[in-house]
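**Q** I am attaching a structure below and will ask some questions about it afterwards.
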């Protein structure tokens, strides 16, 4: 479980544009395989989260990190995740924010309404589906370092430490601050 | 010491509120019986039972909000919510409807009842009616009163008073507002949804973000302009006097600086709005007020961070507590 009070105060950092530019030619398939496996694991271990989504579990969500040269299409019911250069048409909803804010939202370390108020989160399409997704995720108390490191088998413990360190640099570490937003 | 009453829209938020120092947590069932009937939010019967067990183990209370008004053809949904909340071990029920309060008082005479803000009981006579007729022990006062008015009402009232200190600010007579119903056909008072998300749309243009409710354009925010909830009462409209916020700016209530005045007014409990908000909000806002109350108790200066990042429109107000007219 992560501590929702743990995110560092103030706006979260964004990926430097030069780094984002350098990531453009990277193949998307390896990232898609890893993230799809994480989604499958979350699906297996958090059935209540998908119950909370209700009928909106059928929705196709487009998630666009504004500081990265790629985006994600996620379906909860299947579950299915694909990494794309640009979000396709025909999605039920689109959610855009910096990568750090999206990760912090996934872990419940930031408040979605507050990000809307500060214009750091943009929602288009089916607002009801987005709200259901936000509430379901917030209740799930996801720990991305745990979810990712579980893919590393016997190397899970050192992998988790590495992911926690990386997370600390992006969205803060437990005890670092008392509130973000 | 005044009690701190905190919101929880999910079991995880309930735990966050307890961890942050809530004396009591208010929550509702995942249906139309409560005034925050939003998708993915609220508690199943089983989740409520577990939440109550957790809260009691940690010395906190659970207040169950059944604070919408029953449809004439479906009163049993609300009555069942009352029965289930009582059997789950709720410390109090927060009710708005007179008929439902009568049902609860007759069916469960030992159950503690609170009068919801949705009942809009704003004077000693109204409060006395609830206290004398149904044995209500506490009233949540509408957000239309000044601190001196709260002091006077509390002095004359037959039951405890609870007031909001932070969060979204309803500027209308709560329980009687039909703005959202007019625009969407769904009522905050009967279906529990003010500005239902099924009727909300955001459009991104080069000028910024346009928010719509039920097809009505209610605001347009510049690219870096702080935004508010898509509610009509905080919409920006063009009138003969110019364009602007007619009813209220998109701001949140923050009465941190008024805690001493509220204590001196005899208020029993302080309420934080926001069952629709995430764990990060619950954790930070509850901790903020826990620190503020501790400082008030010890007579010291509270060293607490601003809650501005959590506020609607990134701005706060003292609302009617310090009444001014424009």
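One is the number of the first residue shown, and numbering goes on along the chain from there.
Every residue, even glycine, has its Cβ placed from backbone N, Cα and C.
All TrEMBL annotations are machine predictions without curation.
Pasting the feature list from TrEMBL:
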- B:170, B:177, B:194, B:233: [4Fe-4S] cluster binding site (BINDING)
**Q** I'd like to know which of the binding-site residues B:170, B:177, B:194, B:233 has the most other Cβ atoms within 10 Å of its Cβ.
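**A** The most densely surrounded of these binding-site residues is B:194.
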**Q** For residue B:194 ([4Fe-4S] cluster binding site), which of the three DSSP-derived states applies: helix, strand, or coil?
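**A** Residue B:194 ([4Fe-4S] cluster binding site) sits in coil per DSSP, no helix or strand.
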**Q** Starting from the Cβ centroid of B:170, B:177, B:194, B:233, the recorded [4Fe-4S] cluster site, name every other residue in that chain with its Cβ within 8 Å, sequence order please.
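**A** Once B:170, B:177, B:194, B:233 are set aside, the remaining close residues are B:171, B:172, B:174, B:179, B:180, B:188, B:231, B:232.
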